Amino acid sequence: MRTAIIAGNWKMNKTVKEAVELVKELKPLVKDAKCDVVVCPTYVCLPAVLEEVKGSNIKVGAQNMHFEESGAYTGEIAPKMLEELGVHYVIIGHSERRQYFNETDETVNKKVKKAFEHNLIPIVCCGESLEEREGNITEKVLEGQIKVGLKELSKEQVEKLVIAYEPIWAIGTGKTATDEQANETIGYIRTVVKAMYGESVADKIRIQYGGSVKPGTIKAQMAKEEIDGALVGGASLKAEDFAAIVNY
């Protein structure tokens, strides 16, 4: 039985003060959650948020990291910096990173490997665009992303990581993936993992859905057998909304 995981990706939102207020408000609302609860603030908010969640059931993730240990990479953050802070998870390969910052499946793979070296659990994002969905190449695209992004890992590592399926065509387009579409596509992703690492690993890996998740959509989504949680964007910026999703 896979434990559900619901993570809030705050993206480029919240000052340090606002971030602390948000988690302070969130703590009592999610204290009885039956799933793993994760918040992913910006880098500058990480120390304050980590301090605020101490003693609670909320874990903290980063939104990205570099694949090198250190060096001349202006504006980047190394994995050991996150590890030293006490960060637990790291989002890798989010569609916005791929779209605006030229993230590729190869860099995703480098980051995933490096995350494990520093005791960070990767939340690896994958998903297809509207053109790809309408061109009926969703499976081909996802297979490519997973086969490259998760190559050359140990079975133990793959069991630990989290995959987030985010249909890019359902983000800010007015189009939404039905629960059936989400479940079916996540089921397909699981078959790709099975082909790479075996049935036992595929049965254990947790795969989230991340396409405009709201308090009103989560219950039906979580009722689907393949969906193991959610990567939540906008709705994670309000404690009440995020708590409603966590306590589905």
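Backbone N, Cα and C atoms are what each Cβ position is placed from, and that goes for glycine too.
In the three-state DSSP scheme, Ser212 (substrate binding site) falls into the coil class. According to Swiss-Prot, the feature substrate binding site maps to Asn9, Trp10, Lys11, Gly172, Ser212, Gly233, Gly234.
Summarising the annotation, Swiss-Prot assigns active site, electrophile to His94. His94 (active site, electrophile) counts 26 other C-beta atoms within 10 Å of its own C-beta, drawing on all protein chains shown. Following the DSSP three-state reduction, the secondary structure of His94 (active site, electrophile) is coil.
Annotation for Glu166 (active site, proton acceptor): spatial neighbours His94, Ser95, Cys125, Cys126, Gly127, Tyr209, Gly210, Gly211, Leu231, criterion Cβ-Cβ under 8 Å with sequence separation of six or more. According to Swiss-Prot, the feature active site, proton acceptor maps to Glu166, an assignment based on sequence analysis.
Annotation for Asn9 (substrate binding site): spatial neighbours Cys40, Gln63, Ile91, His94, Gly210, Leu231, Val232, Gly233, Ser236, criterion Cβ-Cβ under 8 Å with sequence separation of six or more. For the recorded site, Gly234 (substrate binding site), the DSSP three-state label reads helix. A simple way to gauge crowding: the CB of Gly233 (substrate binding site) has 22 other CB atoms within 10 angstroms, across all the protein chains here.
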